[in-house]
């Protein structure tokens with residue numbers, strides 16, 4: 001940077017900047033960005049003043065070449081660049097001559113035409129933020145502020161820009177050139193990020209009148225006036241010991257600090273009860289796809305056309321029958337619903353032209369499955385005021401469920417690799433700055449690790465289903481629309497592939513509020529026999545609908561094909577978040593990036609390449625009863641992604657509560673591991689808050705089990 005400054009700026013400016021830094025005791029060999037900033041600021045001040053004169057009539061004129069005959073006076077007095085003593089002498093002289101108010105801080109220029117001091121700012125941040133900082137520091141209406149940025153923006157007091165447009169354009173062009181030259185040498189990012197805000201001396205902000213009375217009225221209990229409260233807050237040390245904090249609090253706070261030792265924490269108590277059940281909106285590891293490679297059929301890309309084409313690839317259909325009934329439902333209706341789908345798809349195929357969408361006939365079985373006319377009638381509250389025994393209907397407490405092994409299996413499967421590529425991140429232009437090059441490299445490495453991951457398939461499946469369902473809910477509110485569950489991917493050889501998982505039938509969807517529910521029936525293909533883990537499929541009615549021939553190492557074998565049918569519901573807000581499941585990729589990439597940054601700061605160089613290419617190194621993935629599990633960096637990427645995806649698929653109030661409360665206990669345990677001797681009060685209350693979130697959600701129960709494994713190994 002120092003070499004660049006000496007090449008880029010006039011030697012006189014460089015010399016003045018060196019003097020200024022010496023005066024403030026700063027080393028330009030170390031503070032190279034500051035050196036560049038001072039030179040830039042000096043140059044802008046000089047350019048501001050250049051060629052601007054006042055003629056004999058007192059008018060401001062621009063003269064580019066000196067005319068020896070003209071009696072001209074410089075319009076601007078330059079204060080910036082002089083040593084402090086000389087600068088204050090000039091300021092005092094101007095004030096004595098013109099009667100101007102003496103400024104608190106040294107300004108940069110004095111404008112003889114407008115009779116005002118000018119503060120020039122050059123910022124690498126946003127102009128309005130820098131302007132406010134300057135104004136806050138100067139606190140004077142008599143000093144005019146004019147801010148320039150390296151992006152061509154400017155801001156001035158009362159939008160009075162002092163100079164003509166051409167003069168300002170010269171300054172902006174010069175700043176843009178400096179930025180380009182820095183970027184070409186890889187210096188811009190460091191320079192841009194090094195800017196600090198204006199340092200201001202804090203002053204007491206006095207409140208008077210009505211605002212003062214309101215402030216006195218709105219104090220916490222036990223405070224008589226604002227001054228007392230201020231004194232209390234000022235004396236409240238943010239990093240003081242916890243006992244000191246408690247002693248400052250209200251007398252009603254009665255908390256005894258207990259030391260937190262290795263023997264203090266107990267495991268989180270998981271609930272007893274029947275095993276938990278699958279509650280995701282679509283099947284995960286148990287899903288089966290009917291696929292077509294290199295689709296090129298007529299109407300390719302139209303979901304209904306793609307679905308019919310995929311259905312035609314399977315020849316083992318048979319008369320469906322129920323193998324696992326839903327305990328509370330009318331199972332014959334689920335069976336009739338599937339038969340209706342098959343019949344109506346057959347009707348479509350017999351038509352001359354296949355329609356783009358299909359609305360199902362409103363049969364009794366679909367009306368039942370979609371809860372048509374089942375909602376209680378809504379009555380306006382004003383019409384009920386006179387009813388004496390009006391009360392909210394009683395709702396049962398949810399039944400406690402115990403952790404079941406299937407959810408750990410689901411998670412393990414989500415971390416695995418498939419033989420397909422599920423994401424292709426579009427190119428986003430050529431990298432200009434070094435930081436962009438590093439970001440692209442990290443993104444590409446990460447994409448390579450997760451593009452084949454099953455969790456990524458779940459993302460694309462979730463995005464498609466939620467988008468299709470939300471579209472249909474808005475476009476066909478009264479119809480029972482048939483929505484194919486589709487995803488698209490590429491084979492390892494790069495061939496395109498369209499997959500059909502099953503169908504959704506949407507119920508009536510007059511969704512006014514974000515939380516209004518649309519019911520739907522999902523029908524999904526699977527090779528999983530529900531009789532092996534019936535508790536997992538509590539909410540489903542499962543049919544056997546065909547036999548599938550599978551190729552294996554020992555030849556062909558036939559497996560029964562099942563259809564998992566259930567009634568479900570979702571809302572606008574849930575569909576909106578479902579459509580944005582790609583955010584999970586970003587979240588897990590950022591977590592990986594923080595690991596790379598930590599490694600890079602230790603080694604003092606970017607470690608991205610080594611991080612991803614050193615295949616021999618293992619990293620901690622998580623805790624299990626066996627101890628800390630470790631794996632390759634690819635496995636870490638896929639595990640973090642799977643966690644993020646499951647947080648989206650199994651989002652619930654139970655998860656929100658558990659995450660927030662267990663984090664507090666986690667921080668205390670980490671403080672103990674770091675030998676910080678933590679103390680706690682009401683640890684029992686914290687355990688209570690954590691355990692009240694453990695009700696029946698499989699993902700929350702699994703996280704609690706992992707947390708217990710962590711406690712065991714962390715406190716050995």
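Along the chain as shown, residues are numbered 1 onward.
Placed from the backbone N, Cα and C atoms, the Cβ positions cover glycine too.
Here is what Swiss-Prot records for this protein:
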- 41, 108, 119, 120: Mn(2+) 1 binding site (BINDING)
- 80, 108: Mn(2+) 2 binding site (BINDING)
- 124-139: motif 'Nuclear localization signal 1 (NLS1)' (MOTIF)
- 184-247: motif 'Nuclear localization signal 2 (NLS2)' (MOTIF)
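Sequence features annotated in Swiss-Prot and their locations in the structure.
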residue: 41; record: Mn(2+) 1 binding site; DSSP (3 states): helix
residue: 80; record: Mn(2+) 2 binding site; DSSP (3 states): coil
residue: 108; record: Mn(2+) 1 binding site; DSSP (3 states): coil
residue: 119; record: Mn(2+) 1 binding site; DSSP (3 states): strand
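Taking the centroid of the Cβ atoms of 41, 108, 119, 120 as the Mn(2+) 1 site, the other same-chain residues with Cβ within 8 Å of it are 44, 45, 80, 107, 109, 118, 121, 122, 146.
The Cβ neighbour count for residue 41 (Mn(2+) 1 binding site), using a 10 Å radius and every protein chain shown, is 20. Shown in sequence order, 105, 107, 108, 134, 138, 143, 144, 145, 146 are the residues of the chain, 6+ apart in sequence, with a C-beta less than 8 angstroms from the C-beta of residue 119 (Mn(2+) 1 binding site). Residue 80 (Mn(2+) 2 binding site) sits 9 Å from residue 120 (Mn(2+) 1 binding site), counting Cα to Cα. The Cβ of residue 120 (Mn(2+) 1 binding site) has 41, 44, 45, 48, 80, 108, 109, 146, 147, 148 as same-chain neighbours under 8 Å, each 6 or more residues away in sequence. Averaged across the motif 'Nuclear localization signal 2 (NLS2)' (184-247), pLDDT in this predicted model comes to 70. Other Cβ atoms within 10 Å of the Cβ of residue 108 (Mn(2+) 1 binding site), summed over all protein chains shown, number 23.
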